[in-house]
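A short worksheet on the structure shown next.
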Amino acid sequence: MEASCLELALEGERLCKAGDFKGGTAFFEAAVQVGTEDLKTLSAIYSQLGNAYFYLKEYGKALEYHRHDLTLARTIGDRIGEGKASGNLGNTLKVLGRYDEAVVCCQRHLDISQEQGDKVGEARALYNMGNVFHAKGKQQLWGISQDPGELPPDVRDTLQRATAFYEMNLSLVKELGDRAAQGRAFGNLGNTHYLLGNFVEAIKFHRERLSIAKEFGDKAAERRAYSNLGNALIFLGQFNAATEYYRNTLQLSRQLKDQVMEAQACYSLGNTYTLLQEYERAIDYHLKHLLIAQELNDRVGEGRACWSLGNAYVSLGNHRQALHYTRKHLDISREIGDRNGELIARMNVEELMEALGVKEGDLSPSESEFEVQGNRLSDDSYLLSCLCCFSDASLLTSPQTEELFDLIASSQSRRLDDQRVSVSNLPGLRITHNNLGHLCGESDPQEPSDDFFNMLIKCQSSRIDDQRCSPPEGGPRAPTVPDEDFFSLIQRVQAKRMDEQRVQLQSYEQETDEDEREPGVADS
């Protein structure tokens, strides 16, 4: 016997709840193929398909189904459903970096929730609005080499708006008694205050976040809270306290078997011990970060680890090892197209070679290989990752650029027309005499005006103009390096290190002994 649409949808829901989103989407798609005349059921299927594709990172498909859900909800006069669909669209648009459109959709969700007296929906909409402005602020900061708090006015305004929405969300979820939602709000308030340079406030919120994470046994949230506390303490100059939080971060990352987070914790510990001038401990953690970055093919992370190791060895007076890692930093910077990193590395290589009294031709081939804790890892072990392997510049300067943008403009115009399209084109909808009455009222006075779509058109027009501009300059991203990095602080601390380290070198024999000395082992 052939399964009904509802039966297929229920199986899809079960699989998604079990974490099998791939299997879940297959059943939901099958349910759409079978079709149904039940409009509420179809709306639920659209919503869950959109959410499942979102978790699978198939954002185009997610947008498609959330749009279907929005169209259907508006047609049948389901205001709560319309609000939820608008919120889901907003979340998806945010991930795609389409922040202005996301704000329009999330504001729609907020307005409808307040209109309907839906407190839970209102809280979610406020949280989502905060997330959109938070993500936009972080995107605006990308490529700006300024410390938290040292912000351009537009970025500060964006992050302050995020903070305001998170505060409204926190107030409402406290009223609702939703402790889990309070934890999320505390965490994000800590993050926005950190970016704004309000480190004492950030610590206050992250401690609240940590407390609730422990209350729920949420190890991942606990790990994030420890890491965020360490970051804020760094900028307050409380380096010893920061190391304790980073140790906890490292321990939980290992418990969770999360190599990326383990590498980030090692990186943060290495930098903190550098600030404490405990260079042997710093080296130990930077080597651990390096090995994980190699394993994960994170070339950018490898370069950052080599830069850090070079600095640490210079501080110990071990110029030969410093030169070894600095040359690696130079090679990787060239490979990934990091012009700033290449400039710094070249300058450091020249100064180290001058200090050692050697020339390029004097370096033996063996010095182009890594020797890490007794293991020799040849250059063949370095696999070039896809990160930074191509440039958007070729697209922006090609003769077909204007034609491309015209195509984008026309496709976006068609997309908005599709949003207005007759519901008879919705996939999986069986039109019968039972639901025909609900579907004929597309021009019903209760349906919202076109203001919503007009605002989206404005946002999309603005986005096309943005696409005509050159992309912002920014360094390549590295999975094993934290987003909230205090790299610039380390750079300032190390800025004059070469001049300070220009001392009479020891004899070659003494250098050899130092080369063979194992890095200090730090507790981990």
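Quick reminder: no glycine exception, Cβ is built from N, Cα and C everywhere.
Noted in TrEMBL for the protein shown:
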| type | residues | note |
| --- | --- | --- |
| REPEAT | 43-76 | repeat 'TPR' |
| REPEAT | 223-256 | repeat 'TPR' |
| REGION | 463-484 | region 'Disordered' |
| REGION | 498-524 | region 'Disordered' |
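Secondary structure of the repeat 'TPR' (223-256), assigned with DSSP and counted as helix (H, G, I), strand (E, B) and coil, comes to 30 helix, 0 strand, 4 coil. When pLDDT values are averaged over the repeat 'TPR' (43-76), the model yields 95. For the repeat 'TPR' (43-76), the DSSP counts in helix, strand and coil order read 30 helix, 0 strand, 4 coil.
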